[in-house]
Every structure is written in C-alpha cells, then in structure tokens.
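Chemist: Below is one structure. I have some questions about it.
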Amino acid sequence: MAMRQCAIYGKGGIGKSTTTQNLVAALAELGKKVMIVGCDPKADSTRLILHSKAQNTIMEMAAEAGTVEDLELEDVLKTGYGDIKCVESGGPEPGVGCAGRGVITAINFLEEEGAYEDDLDFVFYDVLGDVVCGGFAMPIRENKAQEIYVVCSGEMMAMYAANNICKGIVKYANSGSVRLGGLICNSRNTDREDELIMALADKLGSQMIHFVPRDNVVQRAEIRRMTVIEYDPAAKQADEYRTLAKKIVENKKLVIPTPISMDELEALLMEFGIMDEEDMTIVGKTAAEEVVA
C-alpha cells in the first residue's frame, strides 16, 4: 500500500487535534503504520499519543541548537501509543515572525532526514485552525497531502470555516493532486446536526465521512492525556473512532469541492430551521432597538 498523506483542517477549537489523535490510534489498532505531524505552534497535536503536556518542537530545538541543520531526526521524532510516530513543527514566540514558516521548515527537515521512508501507511498533518494561506497551506500547496478532511459541526461558523477551507483546496487542486476526502462532523449537539452536515457535504460535492457523537469520555481521556481508544477501548466512543478509521482506509471519494456562497450557506441554515427569515431583519439592531421595533 502506497503511503497516504492526509491533512486535517477545521475551525479553531472544533476538536481537530483530539479527533486526529483518536483516529490515528484506531488506525494503529488496525495495524497501520502512522505518523502525525503537528502543524500548530501550540504543539498539542501529539499529547494524547505521547502522554505528555507538549512535545519539543522542531522550531524550539532548532533555535537551541543553532539551526535546523544541527538537528538529528531522533531529536524531534518520538514514538508513542501503537508505535505512532509524532512530530511537532512549532513556531516562533507569539507576536514574532511567521508561524507558517515553522510548518515549511519542519516538513522540509522531515523529508531531508528520511522520515517518510519508514514504510508508513499514513501521514496526518494536524493543521492550525481554518488558515489556508501561507505556510499553513503548505501541506496542500506543495502536494504533500493528497487528502483533506475537514472537521466541522452544525454551528454556523464551523460550517463557514469548512466552506472557506474548500475554497483554498480548489485553488491548489487545479494545479496539483490534492482532493477533499470529506467532512468529519464532531458533534456539538445542535439541532438536526447530522442532516445539516450531510446537506453541506452534498453541496460541496463531497460526503460526511462520519458523524462523531459528543461523549464526555473524550474529556475524561484527555485529562489523562490519552485517547479514548487507549483509555477505555470498550467505550462506544472508541467504536466511533474505529468506524471513522475504517471509512478513511476505504475512502475512494476524493473530489475537487464546489464551495458555496454565504447566501447559499444562510439559505441552508434556514432550510434546516437553524436560522429563519426574521433573523435577517434584526441584523445590526441593538437590544434597545429591537424593543422599540
């Protein structure tokens, strides 16, 4: 099996890192060889696999050593649960420099040091927020990741971010091989959430590859710096991540998405009763103005 490179995008705080780590733990359980590359200055993309607060990042260690050329692969590549290989790109101090540059530096370093040659089945890039510009787009722009999965929910801004990410995918898909693999709905228990995300995926020309229900066992596992797969393998939530993993292994529906307009997104929310036309009449009105009206 050829190595598959997948990037996980989505709105900040939507649960990308948690979803990614539980997903790769399930893939490891299936006997897959996996590497996670954290592309976020917070360096929290591998903590549940390594049981650590935060992994030392390539950018931190390069600063200490002098340059990235002074690093060895074993300095930055750690192995955790299920023999999952873990790397964090890191970034500059807050307010200084471009964090996206860290992603570029990290991926180039990993390639030069042969990190991708270890008979891997999957590489997952866990990418900061919904930023698809500059360095954070590198997994897409440089054809590193061929499959993009977008984590979202039935909340308007999560859907808005997913649509924006699809616009970024289109930009690079036309000149490369990157494709959208599907939407992963990380439930926030909003009304008709699964139907809504399936409808959004359909409009984007894609699929909701899996609906991950909300369950407090995820938080209980996170407090222990563990995935649900490791913390409570018999939990129903662990089976949800296993199902997601199997669907990604078997996924053949890789598309160039068809992003929609803001008007179309609002129309979709109205169709599902999340917004109604009355909402449009109150846009820009203060509480006092609404009382007068």
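Cβ from N, Cα, C; glycine included.
Okay, these came from Swiss-Prot:
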BINDING   Gly10, Lys11, Gly12, Gly13, Ile14, Gly15, Lys16, Ser17  ATP binding site
BINDING   Cys98, Cys133  [4Fe-4S] cluster binding site
MOD_RES   Arg101  ADP-ribosylarginine
Chemist: Counting all other Cβ atoms within 10 Å across every protein chain shown, which of the recorded positions Lys11, Lys16, Arg101 scores highest?
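Modeler: Of the recorded positions Lys11, Lys16, Arg101, the most buried by Cβ count within 10 Å is Lys16.
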Chemist: Provide the number of Cβ atoms within 10 Å of the Cβ of Ile14 (ATP binding site), excluding the reference atom itself.
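Modeler: Around the Cβ of Ile14 (ATP binding site), 25 other Cβ atoms lie within 10 Å.
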Chemist: Do me a favour and check the Cα-Cα span between Gly10 (ATP binding site) and the residue listed as 'ADP-ribosylarginine'; whole Å is fine.
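Modeler: With the alpha carbons as reference points, the distance is 20 Å.
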Chemist: Using DSSP reduced to three states, classify Gly10 (ATP binding site) as helix, strand or coil.
Modeler: strand
Chemist: Using C-alpha atoms only, work out the spacing between Ser17 (ATP binding site) and Arg101 (ADP-ribosylarginine) and round it to an integer in Å.
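Modeler: Between the alpha carbons of Ser17 (ATP binding site) and Arg101 (ADP-ribosylarginine) there are 20 Å.
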Chemist: Let me make sure I understand the structure: which of the binding-site residues listed (Gly10, Gly12, Gly13) has the fewest other Cβ atoms within 10 A of its Cβ?
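Modeler: Comparing Cβ neighbours within 10 Å for the binding-site residues Gly10, Gly12, Gly13, Gly13 has the fewest.
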Chemist: Quick check for the class: what is the C-alpha distance, in angstrom and rounded, between Gly15 (ATP binding site) and Arg101 (ADP-ribosylarginine)?
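Modeler: Cα-Cα distance, Gly15 (ATP binding site) to Arg101 (ADP-ribosylarginine): 23 Å.
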Chemist: According to DSSP, folded down to helix, strand and coil, what is Gly15 (ATP binding site)?
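Modeler: SS state of Gly15 (ATP binding site) = coil.
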Chemist: Taking the Cβ of Ser17 (ATP binding site) as the centre, count every other Cβ atom within 10 Å, in any protein chain shown.
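Modeler: The answer is 25.
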Chemist: Expressed to the nearest Å, what is the distance separating Gly12 (ATP binding site) and Arg101 (ADP-ribosylarginine) at their Cα atoms?
Modeler: 19
Chemist: Distance check, please: Cα of Lys11 (ATP binding site) against Cα of Arg101 (ADP-ribosylarginine), rounded to an integer number of angstrom.
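Modeler: Approximately 20 Å lies between the Cα of Lys11 (ATP binding site) and that of Arg101 (ADP-ribosylarginine).
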